[in-house]
Amino acid sequence: MTQDPRFPNLFILNHPLIQHKLTHMRDKDTSTRTFRELLREITLLMGYEITRNLPLTTRHIETPMGPMDAPVIAGRKLAVVPVLRAGVGMSDGLLELIPSARVGHIGVYRDEQHRPVEYLVRLPDLEERTFILCDPMVATGHSAVHAVDVMKQRGVPDEHILFLALVAAPEGVEVFQQAHPGVKLYVASLDSHLNEHAYIIPGLGDAGDRLFGTKN
């Protein structure tokens, strides 16, 4: 895991398997089926990385050889909240890693001016729960900011929110960290820049279209 000195709460997950799979996802010749499988696999690996500092407590159990106080994750069950629609493709990998997690959804799309438009919010009980928000791309950053706004407006503190993305542009990370400096953002890659159409360069194209086999 590395950091960029410009962005104190951005964490780049540079594990070799993550980077290898991301390269195949970027390839324009990768099929929809393979893209979908890779997204699940890479999200599982990223989920392993971002949960390494979850707090632990102990629970008394009996092993076949006798009693012990064994480590378990402290607090209430985690929640996975994909940002629709492309974030749905990331939830499978996280739920494979954390099958007991609760699931919410935040529906946001970008209008012609690249502003976020909310159309759905469905969340589990919020109290004392850690939330992993996921969206493959942080381009302009506005959708990510809006998704975190949704959580914080409902009383979820910064330290209980983790935002997970595959690829981000510096412009979007700047917007995100100005809006939510206390929320940690985890990505597989910090790419070069946004083009005139607000697409990440080099990026991987439209993640939703590639995931679902649709045309923009």
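Glycine too: its Cβ is placed from the backbone N, Cα and C atoms.
Under the three-state DSSP scheme, ASP135 (5-phospho-alpha-D-ribose 1-diphosphate binding site) falls in the coil class. Counting only same-chain residues six or more apart in sequence, the Cβ atoms lying under 8 angstroms from the Cβ of ASP135 (5-phospho-alpha-D-ribose 1-diphosphate binding site) belong to PRO82, VAL83, ALA86, GLY87, MET90, SER143, ALA144, ALA147, PHE163, LEU164, ALA165. Under the heading 5-phospho-alpha-D-ribose 1-diphosphate binding site, Swiss-Prot lists ARG85, ARG110, ASP135, PRO136, MET137, VAL138, ALA139, THR140, GLY141, HIS142, SER143, ASP206, citing sequence analysis as support.
The feature uracil binding site is assigned by Swiss-Prot to ILE200, GLY205, ASP206, ALA207, with sequence analysis given as support. For ILE200 (uracil binding site), the same-chain residues 6+ apart in sequence whose C-beta sits under 8 angstroms from its C-beta are MET137, ALA139, VAL167, ALA168, ALA169, GLY172, ASP191, HIS193, LEU194. DSSP gives ILE200 (uracil binding site) a strand state.
There are 26 other Cβ atoms within 10 Å of the Cβ belonging to GLY141 (5-phospho-alpha-D-ribose 1-diphosphate binding site). Note: the Cα of ARG85 (5-phospho-alpha-D-ribose 1-diphosphate binding site) and the Cα of ASP206 (uracil binding site) are spaced 11 Å from each other. Between the CA atoms of ASP206 (uracil binding site) and GLY141 (5-phospho-alpha-D-ribose 1-diphosphate binding site) there is a gap of 15 Å, rounded to the nearest whole number.
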